[in-house]
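Participant: I grabbed these lines from TrEMBL:
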type     : residues : note
TRANSMEM : 12-30    : transmembrane segment
TRANSMEM : 79-97    : transmembrane segment
TRANSMEM : 118-142  : transmembrane segment
TRANSMEM : 162-183  : transmembrane segment
Amino acid sequence: MALVYQPMMQLSGILISLLGWVLSCLTTYLPQWKNLNLELNELEIWTMGLWQACVVQEEGGMQCKDFDSFLALPPELRISRILMFFSNGSGLLGLLLSGFGLDCLKIGERQQEQKKRLLLFGGMLFWISGITAIVPVSWVAHSTVQEFWDENIPDIVPRWDFGEALFVGWLAGFCLILGGSLLNCTICSTEVHPSSVHYAVAEQQDQCQRLETETRP
């Protein structure tokens, strides 16, 4: 039962991490990091992402314009671009390493120590990917809250609010950290691999046969 439990836990960890990586990539390119509702024109909703600003009209759909300069962006958006790229890259590398370290994969079945190292490195990369996904969305959320409650800004000026991409990014980071934790938990377990059990039973049978032949008159 324990031998079945460990591969299932590994598979669950890598599937959850895969979901987190997909959500992290989606967060990087979604333009809804910030939303702005204009009270004068309720039919228009302005959104801002890492790459472009968009206006959503009830009749005309969505129109977007890419940012002209990277240096002209606010600091939180510039750093968020770099961190999200790093999150996506480390998550992809973690998927590759941990995929080759799964027990259900027959490649390298006799090299269990190396497969454990691959799972360990993959789980650590998922942690790094999750943290670097949570940090930028939390930073943008913090700056949005500060601007929203800034008393120096007149009340008539519209305020930016949380966009849907922030919640997707938080979910992505949680999934990546959870998936990496599940993979590392399987490494900490002291379960015996089926091949080692088979060799131990075979050696025990050989010893029994030798004792029987020696004790025969």
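Including glycine, each Cβ sits where the backbone N, Cα and C put it.
Please situate the listed features within the shown structure.
Facilitator: Within the chain, the transmembrane segment (12-30) has long-range Cβ neighbours (under 8 A, six or more residues past its boundaries) at 49-51, 84-85, 87-88, 91-92, 94-95, 98-99, 102, 122-123, 126, 129-130, 133, 137, 163-165, 168-169, 171-183, 185-186.
Cβ atoms under 8 Å from those of the transmembrane segment (79-97) belong to residues 14, 17-18, 20-21, 24-25, 27-28, 33, 50, 70, 73, 118-119, 121-126, 128-130, 132-133, 135-137, 139-140, 176, 180 of the same chain, restricted to positions at least 6 beyond its ends.
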